[in-house]
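Student: The FAD binding site feature in Swiss-Prot is assigned to 43, 44, 64, 65, 122, 123, 124, 125, 569, 580, 581; the stated evidence is similarity to another entry. Annotation source Swiss-Prot lists N-linked glycosylation site at 93, 169, 191, 260, 284, 319, 339, 353, 370, 398, 456, 518 (among others). Per Swiss-Prot, signal peptide is recorded for 1-20, and the stated evidence type is sequence analysis.
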């Protein structure tokens with residue numbers, strides 16, 4: 001779609017500001033020694049860099065593997081997250097091994113390769129998760145500081161609620177009393193009304209029960225259907241780069257950010273000593289190894305794939321496995337790279353009696369798309385000022401159903417409580433095929449399937465070997481099947497009688513228009529169409545201090561290693577059940593306080 005591929009010149013170079021703290025040349029750095037080195041300037045690393053440099057005497061170096069995305073149109077337009085995530089300019093595009101449980105397909109994970117990390121290319125969802133998710137994390141780690149009551153102030157600290165643009169009346173779409181007013185990351189209600197919004201509201205009022213509307217899913221009790229909230233400011237994407245790395249913070253003389261700098265190893269100055277430095281190279285340079293020293297700590301925030309890859313290459317992992325890679329072990333931490341956890345999702349599409357579904361208009365009507373882009377460029381309003389969905393459905397399995405009861409008896413209930421969802425549906429106006437349609441993205445948000453991240457035996461320093469483990473648990477397939485039935489139930493409301501035509505080809509075999517269910521066809525559809533949910537976590541999971549399992553203690557310190565912490569999505573012992581962006585911001589905020597308090 002050429003009309004959406006507008007870019008500013010010199011995308012891969014960085015215009016160094018007059019403050020001289022954003023660099024693309026290591027030779028221009030003022031020093032090779034800092035108090036803290038943060039590996040990765042993404043969703044978590046940005047928070048750490050910002051908060052640690054609030055003390056003007058603390059010197060911080062951030063090493064980011066990607067370029068700066070400042071001023072790049074495709075990273076600013078909210079609606080563009082439908083198109084931009086796979087662009088290799090901004091994305092590591094992590095390929096996984098063929099998944100024999102998903103028709104032997106090779107799936108691709110987006111991972112932000114840009115200052116600001118995956119917050120630059122994600123769906124911008126503002127979701128804190130159920131309170132019980134956080135209470136479970138506190139119980140698993142033995143640290144009450146991870147409970148909902150203790151983490152809640154960090155949500156408020158990081159957020160600033162802002163008005164929607166374009167004059168939309170957002171009354172009743174959220175509860176302002178539970179949102180931050182003076183934080184760093186801007187949030188808002190949707191900026192655009194879809195033609196299906198009134199139909200959704202009518203259907204909710206008709207069906208009730210699990211489809212009952214709720215005011216705000218960020219109060220810790222998210223079950224029901226609510227308006228989405230987004231990390232957006234004045235009609236533009238709000239991300240880690242525009243918030244925690246805003247110009248006023250990059251202007252600090254003690255914050256030094258080097259882009260296009262990939263860290264190869266964390267290192268010790270002597271065997272058995274603390275980690276006190278890194279080796280890295282510049283992607284836009286000669287590839288020669290460069291060095292930087294941390295006087296206090298090295299903090300790894302390289303993400304769910306990058307963090308275990310870096311730890312393993314540094315000799316932190318299972319000793320025998322490391323030896324097979326010809327990597328010299330420095331710490332025996334066997335769980336590094338294990339426990340890869342992600343939602344699985346399948347997109348459900350129905351043809352509709354309409355010619356104006358938004359996504360279809362944008363992708364099939366170039367005049368409309370160009371006009372929408374022009375409107376956004378002029379005023380940051382219009383359809384491009386919004387995310388792709390206005391409503392989120394958070395549902396539990398129907399525990400009065402004997403089949404559900406049997407599955408829960410066999411596999412246990414992986415949700416954190418009876419107030420947390422198993423299923424999330426996201427309504428999208430548009431979809432697959434040549435005609436007009438609506439879609440519902442169907443996620444299992446309490447997956448039992450697990451994967452792994454390891455090194456390539458022939459090239460350990462090359463891209464990681466990722467086995468997503470998608471749909472390895474029959475429970476996950478069952479939950480996706482139940483999600484399909486829940487979506488069909490919602491679309492059976494009379495509000496849709498003159499709008500919905502039929503399920504799309506493939507889906508129609510599992511849920512024919514006669515109302516029957518073909519479970520064999522449904523499973524086949526899921527295994528051939530399901531993909532990763534792009535909320536991957538868990539590969540450096542947190543466990544109680546002193547535990548022999550896990551990778552980091554509750555204060556993020558890597559087990560059996562001094563001077564090294566991990567702060568990013570990889571530390572979650574269980575995947576948050578409502579997106580991951582905001583939980584990552586929250587844990588990084590607390591990590592910054594813990595780090596400050598330890599020195």
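The backbone N, Cα and C atoms fix where each Cβ goes, glycine too.
Help me picture these features in the structure, burial and contacts included.
Tutor: In the three-state DSSP reading, residue 64 (FAD binding site) counts as coil. The Cβ neighbour count for residue 64 (FAD binding site), using a 10 Å radius over every protein chain in view, is 32.
Around residue 93 (N-linked glycosylation site), the same-chain residues six or more apart in sequence whose CB sits under 8 Å from its CB are 86, 108, 109, 110, 111, listed in sequence order.
The Cβ of residue 169 (N-linked glycosylation site) has no same-chain neighbour under 8 Å that is 6 or more residues away in sequence. In the three-state DSSP assignment, the secondary structure recorded for residue 169 (N-linked glycosylation site) is coil.
The Cβ of residue 191 (N-linked glycosylation site) has 28 other Cβ atoms within 10 Å, all protein chains considered.
Residue density at residue 284 (N-linked glycosylation site): 14 other Cβ atoms are found within 10 A of its Cβ, drawing on all protein chains shown.
The C-beta environment of residue 319 (N-linked glycosylation site), restricted to residues of the same chain at least 6 apart in sequence and closer than 8 Å, consists of 329, 332.
Residue 339 (N-linked glycosylation site) carries neither a helix nor a strand DSSP state and counts as coil. If you draw a 10 Å sphere around the CB of residue 339 (N-linked glycosylation site), it holds 25 other CB atoms from the protein chains shown.
Using a 10 Å radius centred on the Cβ of residue 353 (N-linked glycosylation site) and all shown protein chains, the other Cβ atoms total 11.
Of all Cβ atoms in the protein chains displayed, 13 besides its own lie within 10 Å of the Cβ of residue 370 (N-linked glycosylation site).
In this structure, residue 398 (N-linked glycosylation site) belongs to neither helix nor strand by DSSP; it is coil.
Secondary structure from DSSP puts residue 456 (N-linked glycosylation site) in coil. Residue density at residue 456 (N-linked glycosylation site): 13 other Cβ atoms are found within 10 A of its Cβ, drawing on all protein chains shown.
Taking a C-beta cut-off of under 8 angstroms and a sequence separation of 6 or more, residue 518 (N-linked glycosylation site) has the following same-chain neighbours: 509, 510, 511, 512.
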Student: Here are the recorded positions: 43, 260, 398, 581. Which has the lowest count of other Cβ atoms within 10 Å?
Tutor: 398
Student: Under a criterion of Cβ-Cβ distance under 8 Å and sequence separation of at least 6, what residues of the same chain contact residue 124 (FAD binding site)?
Tutor: 78, 81, 230, 231, 232, 237, 238, 239, 387, 581
Student: Nearest by CA distance to residue 284 (N-linked glycosylation site): which of the recorded positions is it, out of 64, 191, 260, 370, 569?
Tutor: 260
Student: Between the glycosylation sites 191, 260, 339, which lies closest to residue 64 (FAD binding site), Cα to Cα?
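Tutor: Going through 191, 260, 339 one by one, the closest to residue 64 (FAD binding site) is 260.
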Student: Can you tell me how many other Cβ atoms are located within 10 Å of the Cβ belonging to residue 569 (FAD binding site)?
Tutor: 29
Student: Have a look at the glycosylation sites 191, 260, 370 and say which one has the shortest Cα distance to residue 569 (FAD binding site).
Tutor: 260
Student: Starting from the Cβ of residue 122 (FAD binding site), draw a 10 Å sphere and report how many other Cβ atoms land inside it.
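Tutor: There are 21 of them.
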Student: Roughly how many Å lie between the Cα atoms of residue 370 (N-linked glycosylation site) and residue 122 (FAD binding site), rounded to a whole value?
Tutor: 23
